[in-house]
Amino acid sequence: MAISSFHPPVRTLMGPGPSDVHPRILSALGRPTLGHLDPLFVGMMDETKELLKYAFQTRNELTLPISAPGSAGMEACFVNLVEPGDKVLVCVNGVFGNRMIENVTRCGATAVRVDFPWGSAVEPAAVEAALKEHGDVKVLAFVHAETSTGALSDAQALCGLAKKYKALSIVDAVTSMGGVPLLVDEWQADAVYSGSQKCLSCTPGLSPVTFSDAAVAAIKARQHPVQSWFLDMNLILGYWGEGGKRAYHHTAPVNALYGLHESLVMLQEEGLENAWQRHASMHNALAAGLDVLGIQFVVEEGQRLPQLNSVYIPDGVDDATTRQFLLAKYDLEIGAGLGDLAGKVWRIGLMGYSARMENITLLLKALAAAMTEQGYQCSGEQAVTAAEAALK
Ligand SMILES: *Cc1c(COP(=O)(O)O)cnc(C)c1O
């Protein structure tokens with residue numbers, strides 16, 4: 001068999017990420033590759049750091065993209081802040097809280113978990129009670145936007161609790177950045193990581209991170225070297241440090257960074273507030289349409305992520321059949337449920353460039369067609385009318 005070039009179809013991506021990549025970003029990726037120490041490329045790296053400060057709403061000097069996906073950003077925060085013997089309080093309300101526990105344990109530290117029902121936000125009062133009970137907690141870690149369930153937690157309150165109890169905060173903002181308010185300095189968050197393929201609508205594989213002065217001081221005061229060579233911020237900083245004085249660490253993914261730079265330029269052009277507003281209004285339109293289809297949300301109103309909509313699969317409708325139908329007939333991807341929610345829910349993403357009316361119209365029509373095939377009574381046209389009315 002002769003294997004030849006791969007030509008994927010154009011799909012509409014409305015799952016938990018990656019989201020649709022904007023054509024401007026796709027074309028940036030194909031620009032000429034520069035050497036990673038070329039002064040022009042170094043200038044672009046400096047711009048990327050500035051643009052990331054805007055996206056994170058921070059003045060933190062240590063703000064840069066890790067050359068690896070969101071999970072590596074998570075790991076960078078844990079391996080740099082957590083040392084063997086430390087106690088870390090982890091809030092778990094979905095898949096990514098569990099992944100944080102894995103990180104803590106592998107750092108040789110003790111994870112104290114505070115569990116919340118999947119589909120609910122983290123409850124600050126319960127976190128405060130645990131902080132009081134355990135006293136010497138070094139780090140409080142939580143997921144701002146739980147993509148596995150669609151719940152949004154109060155990051156401001158949780159970062160405030162960390163400060164009150166003299167702990168550092170680690171915040172998973174992979175899905176929140178660009179989709180809902182994320183104010184790193186105002187909330188006094190200490191170590192925050194994100195991802196390129198969610199509301200930034202860039203290709204997967206890069207993880208913006210930012211560290212506060214308190215986090216940097218904790219890294220400098222470590223008793224043990226960071227166990228990961230690749231993710232040691234002391235070394236990464238030498239590579240991403242101020243223009244001119246670059247020490248080779250690894251070869252930056254040059255073209256991937258063109259894509260991230262372009263996505264951040266687009267975010268700056270749109271304006272953060274406008275991007276948050278767009279996600280909120282698209283969510284309202286989608287919710288109005290889904291309501292007409294008789295589809296219910298998993299997360300209660302007020303805790304819902306606009307960019308990730310977890311909804312119950314109606315009785316008599318099959319999960320896999322529906323998702324296969326959407327992919328085969330409409331080139332449309334939505335997400336499946338995870339863990340206890342597998343087979344019971346769909347996760348409909350409205351992230352970044354995917355958060356637009358054209359996608360919502362397609363989804364409502366396609367979903368209605370898929371469910372009608374299975375004997376479920378509904379009207380895609382009426383759902384689209386309701387979604388359009390909600391936008392006005
Ligand atoms: C997607 C996601 C991650 C992991 O990012 P990858 O790029 O898949 O490694 C971590 N946390 C949350 C909340 C996410 O949505």
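Here the Cβ of each residue, glycine as well, is placed from N, Cα and C on the backbone.
Heads up, TrEMBL stuff is auto-annotated, nobody curated it.
Taken verbatim from TrEMBL:
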- R347: substrate binding site (BINDING)
- 40-337: domain 'Aminotransferase class V' (DOMAIN)
- K198: N6-(pyridoxal phosphate)lysine (MOD_RES)
By the 10 Å Cβ-neighbour count, the most surrounded of the recorded positions K198, R347 is K198
Helix, strand or coil for R347 (substrate binding site)? Use DSSP.
strand
Average the per-residue pLDDT over the domain 'Aminotransferase class V' (40-337) and send me the rounded value.
97
Is the residue listed as 'N6-(pyridoxal phosphate)lysine' helix, strand or coil when read with DSSP?
coil
Whole-number Å distance separating the Cα atoms of K198 (N6-(pyridoxal phosphate)lysine) and the residue listed as 'substrate binding site' is 13
